[in-house]
Amino acid sequence: MAIPFKVLIIGGGVAGLTLAIMLEAYGFDYELLEKHSDVAPKLGAGVGLTPNGARILDQIGVWEMMCERSSPVDSGTALSPEGRTVIFNPNMGEWLQKLFGYKIHFLSRHDCLKILFNKIQQKSRVHLLKEVIKIEAGNLGEKGYVETKDGSIYTGDIIIGADGVRSSVRRELWRIADSESPGYIPKQDKTGIVSFYTAVVGIAYNSGLPEGGSARAYNHHRSYFFQEGREGSGEFYWWLCAKNEKTKEGVIPKLSSEVKEGLLNKYKNDQIGPDLTLGALYKSSIYSTVIPLQEFVLQKCFYKNILLIGDTFRKLHPVAGQGANSAIEESAFVADMLWDLRERGALHDPDSIQKALTEFQTERVVRTTALREDANLVQRMESLDNPVMKFMALKFIPRLNFVIAFLPQLGSSFTPARHLKHLRPPKVGLCPFSQDMKAKPLPRSPLATFSWVTVLILAASSPWLASKYFISGARSFTDDQASQLAEVLELYISILSVSISGMWVIESYKTSSLISPFTSSLPWILASNFWGWQKILPIYICFYILSSQSVVYYYMPQTMTDLGVAKALLPALLVVYTVSAVCTINESGGNTDNSWWFTADFAFPVVAYLSGMFLNATSTMPQAVDVVFSTIDIPYQRRFQNTIAFVGFVAYAALASQYGTTILNEGLNLLNIPAVKNLASLTTVTTLWCLYSAWELRRINATGTSVIRAWLTILSSTIFGGPAATLAGTFIWSKVELAKATSFHPTMQSTDTL
């Protein structure tokens, strides 16, 4: 007979109620304690439900009811401080549904909580007016005890704290941990609760704001957000987020009405629409309040059998709309965790529970830290925090393509999310979520990043160090022979530069490169031809390694955003470099002159871009989301890189057949020749880059090839096929592997679903 197991949930908000529904669906015993007299008071701001939360709500059977009481976000608008439209996209809702299966919906917090509460089958397990005052934690696998203000005692095998920012459970967890295990709770967890902004939130009727979408208004050190409530109701929710004069630390008590009135009077003349000011909006409001916007992510969210979720564990700035959705994700994680422990008969096994809770903590800290950083960046930009943010918000970003600049960033906040593994799978769109992918991106450790960058710098400088300290200076061939070898090697370096510039061009068309040092390949090519490829390539790769260490990086589309350019890669390559080769031969009279190759390096990205524009304008091909969020460009990349690899191999074979014996005999003494030194540096750097790429793919589980096998293949290819062919081959291999690993993959779905 199975040993009884009870979950004790503290808090009847979004996190607590969704967890209760999931536990009922999974057949777990539970009780829920809520300190207020009503789980769905008619107070508070609205709730935005994004695809990552919507798909879980769909699984537990409440999504349709949520939609009936909500308004879909069909469009997106951003306004300048003068009330002028700087961004408008009427297709946002349609695109989100196509990509992720669900639109964003917005409804009142009251309706959201009421729908969740009504879904609970055994309402006798929900106890109101039960304010927690003391907890006695049990060891893992044992029971814990909770005492409420009215003297009641409740027990549970695991205690889930979901009682919000001002959490009694968190306070008790810290008290117990500090008493029993001093130092377990990091100092940062207690001092890292901060507030940079204060918000006034309100509900207005028939305010004159546009229906059917969300709107944001930018202003100096403040911003606004507006959203229709239930569709057709005339109800609008609005937020004023104002930057505090000083950063506030610690859990902040409720703010007074004087603070609210002060902010409203200070900004009453702000233009938040063509014919609407904040003062006029406030006059049409039936409800308003002021709240401190606190932000934190705890590094420790459990101790013994107490686990924190929702706003008890982390608090995000509401500008990104991920607070409630993250709570839903965490509830799903906990429910699946308990199901899996039960399936293994490990609900009372301390080691198994410890491992499961540690996995929860690790994954959720990474996920919510990324969400917090993204939300903070968005708020700083919308409140024009400094001249750079002001320029980005009002001048630069409005000129960017919405599909390329906004949707991938928005999607990267959705797709790392989980869903319930043991209920009917949710609807899907073009974009897979984390459980649908083979790849399992994790943030790269700072130590690993530092190590790769350090080794890369040492590798790039190794030929210079070797030439200075390890060569004798004597060689057995004449200066004329050395000059001929140098000319041939310069020609091979030119071919290697084609492989490098081809990689740079492709990377410049990725969504993650849009606002980065990689947004254009031309500056890198210009610098390489001026200062040398052997000096610029290591800098590029160091920047690349540093910029790709976040987990969000791999949830962005990894392929090219312009199908026309992808199709034009190979034709542009053949035309530009064939012309360059012919001109070089005709003008040199048999001597190698690389000036035409330099011209070709500049011309290639320009010709590819112009050819792509022509193809997009004159032929029918997929556009917008059907390109950016697909792998349709991969075959064109493959042909392009295979051509470079073939030419690079032929050139290397010709070089090896003519000078291979000389190079082997002379060894390091050849480093006296600058061309040899440059090629040696480029070879070590490109080889190390290929080794890093293989290691990184394996680290995120994007390839089944072992690191040792991949490295041996890369080293063998470099020796026998040359660095140009190896770089091109490794680059396209990594692109194909990553594209497959971040596309839909057969989900490890339990056959025992409900």
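Each residue, glycine too, has its Cβ placed from N, Cα and C.
Computed from a predicted structure; not experimentally measured.
What Swiss-Prot says about this one:
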- 3-23: transmembrane segment (TRANSMEM)
- Glu34, Gly48, Arg109, Asp311, Ala324: FAD binding site (BINDING)
- Tyr218: active site (ACT_SITE)
- 446-466: transmembrane segment (TRANSMEM)
- 486-506: transmembrane segment (TRANSMEM)
- 536-556: transmembrane segment (TRANSMEM)
- 563-583: transmembrane segment (TRANSMEM)
- Asn586: N-linked glycosylation site (CARBOHYD)
- 595-615: transmembrane segment (TRANSMEM)
- Asn616: N-linked glycosylation site (CARBOHYD)
- 644-664: transmembrane segment (TRANSMEM)
- 679-697: transmembrane segment (TRANSMEM)
- Asn701: N-linked glycosylation site (CARBOHYD)
- 712-732: transmembrane segment (TRANSMEM)
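Feature map: annotations from Swiss-Prot on the structure.
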{"residue": "Glu34", "record": "FAD binding site", "contacts (Cβ under 8 Å, 6+ apart)": "Gly11, Gly12, Gly16, Val126, His127, Leu128, Leu129, Lys130"}
{"residue": "Gly48", "record": "FAD binding site", "contacts (Cβ under 8 Å, 6+ apart)": "Val73, Ile104, His105, Phe106, Gln227, Gly321, Ala324, Asn325"}
{"residue": "Tyr218", "record": "active site", "contacts (Cβ under 8 Å, 6+ apart)": "Ala78, Leu79, Ser80, Pro81, Val86, Glu382, Ser383, Leu384, Ala393, Leu394"}
{"residue": "Asp311", "record": "FAD binding site", "contacts (Cβ under 8 Å, 6+ apart)": "Gly13, Ala15, Gly164, Val165, Ser167, Gly323, Ala327"}
{"residue": "Asn586", "record": "N-linked glycosylation site", "contacts (Cβ under 8 Å, 6+ apart)": "none"}
{"residue": "Asn616", "record": "N-linked glycosylation site", "contacts (Cβ under 8 Å, 6+ apart)": "Asp562, Leu563, Gly564, Gln623"}
{"residue": "Asn701", "record": "N-linked glycosylation site", "contacts (Cβ under 8 Å, 6+ apart)": "Lys438, Ala439, Lys440, Ala741"}
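Most Cβ pairs under 8 A with the transmembrane segment (595-615) among the ranges 446-466, 486-506, 644-664 are made by 486-506. Looking at which of 536-556, 563-583, 644-664 has the most CB pairs under 8 Å to the transmembrane segment (712-732), the answer is the stretch 644-664.
Residues of the same chain lying 6 or more positions beyond the ends of the transmembrane segment (3-23) and with a Cβ under 8 Å from any Cβ of it are 29-34, 36, 39, 47, 56-57, 60, 62, 112-113, 116-117, 119-120, 125-126, 128, 132, 144, 146, 154-164, 167-169, 309-312, 324, 327-328, 330-332, 334-335, 338, 342, 347-348, 420. Highest Cβ contact count with the transmembrane segment (536-556) among the listed stretches 446-466, 563-583, 644-664, 679-697 falls to 446-466 (criterion: pairs under 8 Å). The residue listed as 'active site' falls within a strand when secondary structure is assigned with DSSP.
Mapped onto three states, the DSSP output places Asn701 (N-linked glycosylation site) in coil. Outside the transmembrane segment (679-697), and at least 6 residues removed from its termini, the chain residues within Cβ reach (under 8 Å) are 444, 452, 455-456, 459-464, 466, 489, 492-493, 496, 499-500, 533-534, 537-538, 541, 545, 548, 671, 703, 705, 707, 710-711, 714-715, 718, 723, 726-727, 730-731, 734, 737-738, 741.
Taken residue by residue with DSSP, Glu34 (FAD binding site) is part of neither helix nor strand, so it is coil. Look at Arg109 (FAD binding site): DSSP puts it in a helix.
In the shown protein chains, 19 other C-beta atoms lie within 10 A of the C-beta of Arg109 (FAD binding site). Note on Ala324 (FAD binding site): other Cβ atoms within 10 Å of its Cβ, all shown chains, come to 25.
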